[in-house]
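Visitor: Copied straight from TrEMBL:
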| type | residues | note |
| --- | --- | --- |
| DOMAIN | 131-386 | domain 'Protein kinase' |
| BINDING | Lys160 | ATP binding site |
| DOMAIN | 387-457 | domain 'AGC-kinase C-terminal' |
Amino acid sequence: MVSSHLPVPNKTHKQQYLSLSPSVSLLKDDVELDFSDVFGPLPEEAGDVAFDEPAVIHTRSHSLVGPSSIGSHSFKLSKLTLLETEDSVDLVECIERESSSFSGTDDTDSDGSPEKDVVVKVPGVVGLDDFEVMKVVGKGAFGKVYQVRKKETSEIFAMKVMRKDKIMEKNHAEYMKAERDILTKIDHPFIVQLKYSFQTKYRLYLVLDFINGGHLFFQLYHQGLFREELARVYTAEIISAVSHLHEKGIMHRDLKPENILMDVDGHVMLTDFGLAKEFEENTRSNSMCGTTEYMAPEIVRGKGHDKAADWWSVGILLYEMLTGKPPFMGSRGKIEQKIVKDKIKLPQFLSSEAHSLLKGLLQKEPERRLGSGPSGAGEIKEHKWFKGMNWKKLEAREVKPSFKPEISGRQCIANFDKCWTEMSVLDSPANSPSSDPKANPFTNFTYVRPPPSFLQHM
């Protein structure tokens, strides 16, 4: 997950796309949150949580893979940190040092000896020395995300840098490899594209579209909630993206506002496939994964899940866009109990059509959930809440959202959190994950995206 936020827009923008009725008491309830089981205890100075402040991100669950606290077994996540305080080295120096060992293949040094001093440039292969690092724009569980410029073309990209030693410590090698593999198979107007991937001895690199309109999460929490007209466009674009994934045999499994970006035109872009999984029809996955607030009941129960779990998450996303917060809140254990047992209360200020769609998406039994039938996403697209929606125009990006983020140019970083963009371009030293070449799980990681015409025939 990458963190970012926007400065609070002026009131004109609020009036353009928000419903801010003073009668909506749902948004003013005092709710005590306890996420210490995920983030560790909050500092004393943290104070009360307010839903209209960016600090709310510190009280939300983090994407996870592991058993449910609702079961008989116990599970404790290690405390997560937002900032690295270790001795750091300049990333540019890392590029010079690590690229010296990059030979255009996926083989790391077999003898564990220091990297060689000479850069071996292989035609047609992209490596670290092809990019100029500009800014830090985020941080994930295994490393940072940088804004970079490709030297040859001056194109701006996002570079996700992940430390192999941290990945191996968490036993997440298969997830990281799956993320890269899945991204190579996707070509959709509302999904971020992978442009290049490569590795050095110590790190993995994913080079993706740089989407600089910020995260839907911060738009939502700065503004409170969205009017149904705007939420309808966002939800339709998300449904289109998720439907494409399912057609490709892919479950996302971590749909949430933090994993949805906004581009220069205000369209949403689905990102972060770190927990995504390829599946076969009529099969179930037994992994306990996702972000607690958005997990489907069948995931929490550990009974096995399929693509219908994504449609539950879409329902939670829609509920949050329309009301300002997810339906289930509290500690991780409390949220899981509520997901399994509690009925979802729908606010009266929502339209009857929105009520109907939410009830369909938030069915606790996956077999009864909207989108799980033979026509899949088709039955969601045909719902009366989407009456009048031209899905062909939508997927051609011809349906324009009423809100566009303020972006001054392709290099603009105003919509990213200043705690990242004002940092020096630093990267912590990394330990070698293994000196045994047979233990390298990241073979065949290198990728260069083919021309669009090729992808259209895949």
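Easy rule for this one: first residue shown is 1, then count along the chain.
Even glycines carry a Cβ here, placed using N, Cα and C.
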Visitor: Please work out the number of neighbouring Cβ atoms within 10 Å of the Cβ of the residue listed as 'ATP binding site', leaving out its own Cβ.
Guide: 24
Visitor: Average the pLDDT scores across the domain 'Protein kinase' (131-386) and report the rounded value.
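Guide: Residues in the domain 'Protein kinase' (131-386) carry a mean pLDDT of 93 in this prediction.
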Visitor: Is Lys160 (ATP binding site) helix, strand or coil when read with DSSP?
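Guide: Reduced to three states, the DSSP call for Lys160 (ATP binding site) is strand.
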